[in-house]
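The structure appears right after this line, and notes come after that.
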């Protein structure tokens, strides 16, 4: 039920992988700028230059207002008294700023506790996805037993089944799992289904296929068994793709709403996104502070891992919830 | 591999053919790494088996059953489908979902394309532009919806009403108006998703071979002609894919109608996915069988749609 679950163009992962493997090196040695439709000669012509410069400036203004504007407003609301948010939302602190909203959200509504729940959800989903994707990819691309083709086909098929079909049957499995009691209000109810991401397995399997097989042969000659090969050769060589998968996994579980809303109902396990929905009707200032706090981590992650995000989104990420 | 076989059968050299075939016993299977392969395959087999393959199969089974998830399910044949098709809400729900998908295409399909083409011509700060465009995609969807819900405040003091008031428009009632509610939802959904599409197009644009532009220049093509005759055709297959993916995504929209309006006002924003949720998990429900039947219908429709789509556009995308 995570967003990475959703359908993705199958041609894309190979391209991500190629980009992930060589992107940094190529960028460093690339001297000439990539050319677009405009040539250097075009840029020298005043008419062309002025039109495109103007369009670029306009685009920048639009992006600032449309994409950054709402977030800046949210940041401002977090420090504005509720009365001012309600009556003059666009004025710049007409009656001064306050930190009371943040304090309320943190102490009275325990945002921190739900924040930690989200962190647990994200970490567990990440671990489960990485485990399934790396071991599965290893079987499909390196060990290649007879049944690998069948497994590959079965995993690929799930890419074409829309998430909507899984909702009710998956809920039934969580309520009555094959072993043990109901998993409602248990983190495993989110962690385990998150692992069933065909997209991840395909991505990692294609990356493993692109690794030089001579190295595997050499390692086998030196007496490395399949476990050693996996742990000491394949995994360390797969850092770029594991980075992409990890960022996807963490962001997807951070964004997920419907599934945790259905299975993590108790406040002791409820993630932030579900709790925010319950807070919708509290005092506006507190709500805005809570919203701002829950946006901070993903934005910070984005700014730190920017290149990984954009690379992943560019080629793998026609992914929409 | 076929050529090898042919050679071997024509000229039996004694290397492969004459060797007696080893019998496959459990012991040889283990020695050849069959067991380790199975061990490594276990996480994928278990997780996909229990949380992907089995639910897909049981979705089909459940759509023919009545169940409350605790008592044994009762086989009811096509009753669930009959009830869905005779429900007076069905036409409304289909119309709303189609309307959402159509509006999302109108708002969200051309804008990222234009933005990406403009951005790909940047000589500097391309990274800054794309980071800005991508920023809303990182915001948790619940946060985005709740924030925009406040922007859509119907009072004259609401954020959007204030801004529109500067140019003498409004105040509008946004989400409370049955005609404006859906476009309002789509506007927020576009805000949240457009950045991802921009990045996809940008990536595709860097892959356009520079020689094509050089060749066009030799032929004396103007800038606009280069964009139209070189850039656009190069983007064609990715444009076709994002179109169908966007339709598949928006047909399953849940979060916006659920959090903004909960299907209201007067069912104006009740979409298929929200109805599935309501049938299964709210007080009108525990109608799990019907919910599954409805979700299955949507999935089959989307599968048929994509098949037809790829058939129709096949010749067009590979040229």
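Each Cβ is built from the backbone N, Cα and C atoms, and glycine gets one as well.
Nobody curates TrEMBL annotations by hand; they come from automatic prediction.
TrEMBL has this to say about the protein:
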- B:94-309: domain 'ABC transmembrane type-1' (DOMAIN)
- B:33-54: transmembrane segment (TRANSMEM)
- B:98-119: transmembrane segment (TRANSMEM)
- B:131-152: transmembrane segment (TRANSMEM)
- B:187-208: transmembrane segment (TRANSMEM)
- B:234-255: transmembrane segment (TRANSMEM)
- B:291-310: transmembrane segment (TRANSMEM)
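Where the transmembrane segment (B:98-119) meets the stretches B:33-54, B:131-152, B:187-208, B:234-255, B:291-310, the count of C-beta pairs under 8 angstroms peaks at B:187-208. For the transmembrane segment (B:187-208), same-chain residues at least 6 beyond its ends with a Cβ under 8 Å from one of its own Cβ atoms are 104, 107-108, 111-113, 115-117, 119-120, 126, 130, 133-137, 139, 141, 144-145, 148, 230-231, 234-235, 238, 242, 246, 250, 253, 256, 260. Note on the transmembrane segment (B:131-152): residues 115, 119, 158-160, 174-175, 184, 187-188, 191-196, 198-199, 255-256, 259-260 of its chain, located 6 or more positions outside it, place their CB under 8 angstroms from a CB of the stretch.
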